[in-house]
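Asks: Below you will find the structure I want to go over with you.
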Amino acid sequence: MFPGAEPLVDPKDPCAAAILESPLRRSDRLFAPPPRLPAASPPGRMNVIDHVRDMAAAGLHSNVRLLSSLLLTMSTNNPELFSPSQKYQLLVYHADSLFHDKEYRNAVSKYTMALQQKKALSKTSKVRPSTGNSTSTPQSQCLPSEIEVKYKMAECYTMLKQDKDAIAILDGIPSRQRTPKINMMLANLYKKAGQERPSVTSYKEVLRQCPLALDAILGLLSLSVKGAEVASMTMNVIQTVPNLDWLSVWIKAYAFVHTGDNSRAINTICSLEKKSLLRDNVDLLGSLADLYFRAGDNKNSVLKFEQAQMLDPYLIKGMDVYGYLLAREGRLEDVENLGCRLFNISDQHAEPWVVSGCHSFYSKRYSRALYLGAKAIQLNSNSVQALLLKGAALRNMGRVQEAIIHFREAIRLAPCRLDCYEGLIECYLASNSIREAMVMANNVYKTLGANAQTLTLLATVCLEDPVTQEKAKTLLDKALNQRPDYIKAVVKKAELLSREQKYEDGIALLRNALANQSDCVLHRILGDFLVAVNEYQEAMDQYSIALSLDPNDQKSLEGMQKMEKEESPTDATQEEDVDDMEGSGEEGDLEGSDSEAAQWADQEQWFGMQ
């Protein structure tokens, strides 16, 4: 360039720099290997991992799944593309999206790969020397927690019914690093596995960190931890936080619940429920309804369930017991409506299936009840009512040994519920194992105390043996002295009086029991006793009342038909002739019911629910 002449191009221009570059330097640059992508983006600029993280935080799980899958494939084909920390993040976010889609096995696989990547990342970070001016990048600060990944893996295992694997993965987390939700999950898993000591320890750790964790309190009480000890763990928060004076009474109430002291539990919860701040609480009403049911007071139990249902139309908890009580009363149309309503709320809970199963069971469709009970157990293996439904269906189908297994599991889950023991004892009596039934009834009597229910249960077994008839009579008298209106005791006492042909005494007993309540079985038995003393008209009235309460009560119908035949023998003979002529139609109906039972039995085998 000549002195004083203007340059043809501006050296500061980027394009000019390329023109002025020597050919030799340009060829070196063109044939040089491509530079490796930086592990972290420059400050202020987002990389693709940041976008994936933001979408995951925004709940765009389907979008995260698609993008992370593509990026992971790119990383596999070019390992240099992403840094180890970026690949770890991609695996975690991809696994999270799979978890959201309920693909739990696939999610576990990806979480496992993520943990392996994190392990390798930790090793390389230890080996790599640190420089004096090195600072932690935002990317390293935003890495998903390894503990959270292990918790998600445990959730996947519980969904897959692999509780041992869930316990193993959570046990691997050091105690000091366990968050309250990890301790809570561990406590529940230990409890389910029958490991009471570590379960108690985990529940206490939850309460140490979160003293108002009420479900953890219930867990401790269910494991026989004293109510006073549990209350002491919450004393500090009760004294420092206002409006928590009810908590100590609440703990006391549920301590009574878990020791089987139903009457004191009912009184304590009633005192809580009457307080203005806790009036009309759905959970307290549900607990009251369940306690009345356990105490054998079905009338009050139904009332409390109805009250809770009016306050919360979407209530599911406890509705399986409510449906069972309605079915026992013969209100099958109400049971059917309840089942439909619950299915509209959620079909992923056991309760709708149990309610529909109760409808089938009391309609004498035992194969269908068996299938519905098994489906409920699939959804919730801890559903006591589902186990009782399936056990009762198996017993009525003659599969007594299988039924015994289900009743024993129900007893393990709910050792204070008498109906679980009643189902097991009925199985023993059905298989003529009177000795086993007597041992079980005596154990219940000693464990749950001498109340009207346990006395009646023991008397029921004594009635099966001619040698212990007098003992049965004494036990029933004690039960009726405690609770004159206890229907099961009245029924068993009437059965004993019928054997002794003391019909007048039986009529007096039944009239006294029906003075303050109305029950289908009591009216029917009273009708039978009145027939025995030739009081036909009143007997007919009692059968009619029984059928009005339960139109499906076959015994009341048979008693009424028998009386009608005795009153008009000529008409009865004509009816028999007509029945003989139309016998083929009757057989067709029976065949139809058999084919329906076979259909449900086939479905049961199809779903593997035997």
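Each residue, glycine too, has its Cβ placed from N, Cα and C.
All annotation found in TrEMBL is predicted automatically rather than curated by experts.
Copied straight from TrEMBL:
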type: COMPBIAS; residues: 122-141; note: compositional bias 'Polar residues'
type: COMPBIAS; residues: 558-568; note: compositional bias 'Basic and acidic residues'
type: COMPBIAS; residues: 573-594; note: compositional bias 'Acidic residues'
type: REGION; residues: 120-141; note: region 'Disordered'
type: REGION; residues: 558-610; note: region 'Disordered'
type: REPEAT; residues: 384-417; note: repeat 'TPR'
type: REPEAT; residues: 520-553; note: repeat 'TPR'
Asks: Restricting to the repeat 'TPR' (384-417), what is the model's mean pLDDT?
Replies: 94
Asks: Residue list, the compositional bias 'Basic and acidic residues' (558-568) vs rest of chain: Cβ under 8 Å, 6 or more residues beyond ends.
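Replies: Long-range Cβ neighbours of the compositional bias 'Basic and acidic residues' (558-568): 524, 527-528, 531, 536, 539-540, 543-544, 547, 575.
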Asks: Helix, strand, coil: count each for the residues of the repeat 'TPR' (520-553), based on DSSP.
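Replies: Its residues fall into 27 helix, 0 strand, 7 coil.
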Asks: Kindly report the helix/strand/coil residue split of the repeat 'TPR' (384-417) according to DSSP, in that order.
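Replies: With helix first, then strand, then coil, the repeat 'TPR' (384-417) has 27 helix, 0 strand, 7 coil.
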Asks: For the compositional bias 'Basic and acidic residues' (558-568), how many residues does DSSP put in helix, in strand and in coil?
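Replies: Across the compositional bias 'Basic and acidic residues' (558-568), the residues distribute as 10 helix, 0 strand, 1 coil.
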